């Protein structure tokens with residue numbers, strides 16, 4: 001089995017923070033392959049680098065890795081709308097081209113987290129839905145899981161810039177959509193979320209913010225930072241230099257970053273097409289099949305959000 005070697009700083013971080021022991025990797029991956037082959041309901045990828053991302057995301061606990069693999073593929077089956085827009089669909093490139101979700105090519109240092117920049121105001125809420133935008137971002141996340149060692153070892157930091165966001169954007173954030181987004185990203189992805197930094201927060205933001213916060217685990221609740229227009233405060237966590245030129249950084253223009261990802265998706269086109277076959281067949285799951293209601297059922301008092 002060939003595992004991509006980590007640069008020294010990331011290898012040290014993986015050892016200290018993720019319990020990585022290079023001498024164990026091959027046997028752990030083989031263990032997962034054997035386990036997957038015995039799961040009648042699971043159709044999962046077995047690429048070495050893919051399984052390694054799950055091991056790292058679960059700090060090499062084999063039990064947690066199995067749970068996360070099962071959950072990841074269950075979400076594909078129970079929330080298919082989050083995986084519905086394929087790169088072959090013209091809508092994919094249309095949404096990618098808006099630049100509402102950008103994964104920045106530069107990191108602060110060789111062992112820093114990857115940074116994603118989410119700018120919902122760049123998509124028209126009358127024309128596009130948040131789940132379509134999420135579906136495009138989940139395609140980019142698959143590529144990250146295969147090749148981005150910074151994201152998998154050091155984690156992902158997010159900037160959420162709410163400049164020019166309208167009520168239509170907020171109204172798309174129904175309790176069910178929020179719950180699915182949290183389960184799909186916080187719970188099912190083998191990536192450590194290192195915090196979300198909010199910029200240009202409009203009126204009405206508190207309502208959605210508090211609703212999402214209520215769904216997060218304790219660790220992630222503590223990693224939410226509302227800077228509004230205080231960019232200087234954010235630079236203490238995310239250096240200005242790695243941001244796009246539109247944000248005063250030197251990390252390429254938004255257009256260049258979109259183009260980088262367009263090329264990357266094209267490079268992965270066969271792999272991504274092949275990836276569509278994976279998921280779960282709940283009728284074959286030993287015991288009780290998982291349903292969307294089990295996984296995303298939203299509690300009563302949370303059903304109705306009031307916008308003043």
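Each Cβ is built from the backbone N, Cα and C atoms, and glycine gets one as well.
Residues annotated as domain 'CRAL-TRIO' in TrEMBL: 91-255.
Taken from TrEMBL, the feature region 'Disordered' applies to 274-294. Nonlocal intrachain contacts for the region 'Disordered' (274-294), taken as residues 6+ away from its ends with a CB within less than 8 angstroms of a stretch CB, comprise 40-45, 70, 73-74, 76-79, 86, 142.
What TrEMBL lists as compositional bias 'Basic and acidic residues' is 281-293.
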DSSP-derived helix, strand and coil totals, residue by residue, for the compositional bias 'Basic and acidic residues' (281-293): 5 helix, 0 strand, 8 coil
